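Below is one structure, written out as C-alpha cells; comments come after it.
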Amino acid sequence: MGGSATPGFPPIHSSQICSLTCQLIEELIPLMISGVSGRMIRILTWNVNSVRKRVAHLCSVLTEHHVDIALLQETKCTDDQFPLAELEDLGYKCYIHGQKSRNGVAILSKYPIVGELCNTVFDAEEEIGTVQDTGSYSVTEARYLECLVDYQDVKVRVASVYVPNGQEVDTETFVYKLNFLRCLKARLLKLLAREDWLVIGGDYNVAPDDIDVYDAQALDGKLCFHPKERAGLREILHLGFTDAFRILHEGKQEFSWWNYREGSWQRNRGMRIDHLLLSPNAVDKLVECSILSSVRGLESPSDHAPVMCVLRKLV
C-alpha cells in the first residue's frame, strides 16, 4: 500500500507511520507507568535467610517488582557485613539491625527516613512484665526494626519483624515466643495512637487459620500452628490491624514458607507465616497484595517467598 503526499512534503509510507506509532508508544508507556507509580507505594517483606547468599535474588526481585520499601528478616550478618553497595546502587537507603550468623532485620527505602529508628519491642515491658532471656533467646537479639518513611509528604511507619520460631512447643523457648508476641502487641498499640499509616511486615512464624497450612488436622497443635501462637497473632489483629493478603484473597490457599526437607516445595506442603499487617488508615489505601511464590523455585532460594502489597497515595 502506497503512502500519500501533501504538496511541498515528501510522501509518508504506512511502514513509516507504524514505526513512528511504535516509537511514540514506547516513549509514552514509561511515562504513564511513572505517573501511576508516583501515586502508589510498593512494600515488600521477605525472610531472605542470609542476605549475603541471596543478594542477587534480592536485587532481581526489587528491580522486577519496582519495590519502594523492603522489610527483610534473617539477614544473618553484622551491620558491617551487609551488602550495602549492591542495594545502594539500586537507589535504596539501608537501615540495618544486624547480628552475627543469625537473626537480623533491615529496612530498605527509596524514600527518606524521618525521626529515630526503634530496634526493640521490649520497650513495652512495663505493660506485660519483664521478659527473661532463655538458653536460646535473648532480648538483645536483632528481631525488630521500625522507622518512619516520608513518602511524598505522607508519613508511613514501617517495621520489619522476625518473631522467634519457638523451637519446640511447651518449652521455655516457646514461652519466649509467646512473650515476644505480647511485647509486639504492646508496641503496636502505642503506634496506633499516633495515627500514621502503619505497615508491619515480617516472618511471624505463625499461620493464622486452617487455610494457611497444607494439612490443618495434622499440624494442629504443632509449632507455628499452635492455638496459643495463633491467639497471640489474633490479639494483634484485634487491635485494628488487617492481614493484607487475606483481606483481598478470602478463600485462596497460598503459602509463603516451605521446608527445605522432604520435597516440601515440590509437593506444596507449606505454611503462610509471613504477613503484612496494616493499620485502618493504611488498609483503606490497599490496592493489591500477593505472595511472590515463584521466587522460592529459584536456584539456591530462601525457604520463604516475598510478600508484597501496593498502597495508593492519599489524595
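A Cβ is built for glycine as well, from the same backbone N, Cα and C atoms used for every other residue.
In the three-state DSSP assignment, the secondary structure recorded for TYR162 (active site) is strand. For TYR162 (active site), applying a Cβ distance below 8 Å and a minimum sequence separation of six or more within one chain yields ASN47, GLN73, GLU74, ASN103, GLY104, VAL105, ALA142, ARG143, TYR144, GLY202, ASP203. According to TrEMBL, the feature active site maps to TYR162.
Under the heading active site, proton donor/acceptor, TrEMBL lists ASP203.
Around the Cβ of ASN205 (site 'Transition state stabilizer'), the number of neighbouring Cβ atoms within 10 Å comes to 24. In the three-state DSSP scheme, ASN205 (site 'Transition state stabilizer') falls into the coil class. Positions annotated as site 'Transition state stabilizer' by TrEMBL: ASN205.
In the three-state DSSP scheme, ASP274 (site 'Important for catalytic activity') is classed as strand. Note: ASP274 (site 'Important for catalytic activity') has non-local neighbours THR45, TRP46, ASN47, GLY201, GLY202, ASP203, TYR204, SER256, TRP257, ILE291, HIS304, ALA305, VAL307, i.e. same-chain residues 6+ apart with C-beta under 8 A of its own C-beta. According to TrEMBL, the site 'Important for catalytic activity' annotation covers ASP274.
Cβ neighbour count for HIS304 (site 'Interaction with DNA substrate'): 24 (other Cβ atoms within 10 Å of its Cβ, all protein chains included). Taken from TrEMBL, the feature site 'Interaction with DNA substrate' applies to HIS304.
Look at TrEMBL and you will find HIS304 tagged as active site, proton acceptor.
In the three-state DSSP assignment, the secondary structure recorded for HIS304 (site 'Interaction with DNA substrate') is strand. In this view, ASP203 (active site, proton donor/acceptor) is surrounded by 29 other Cβ atoms within 10 Å of its Cβ, with every protein chain counted.
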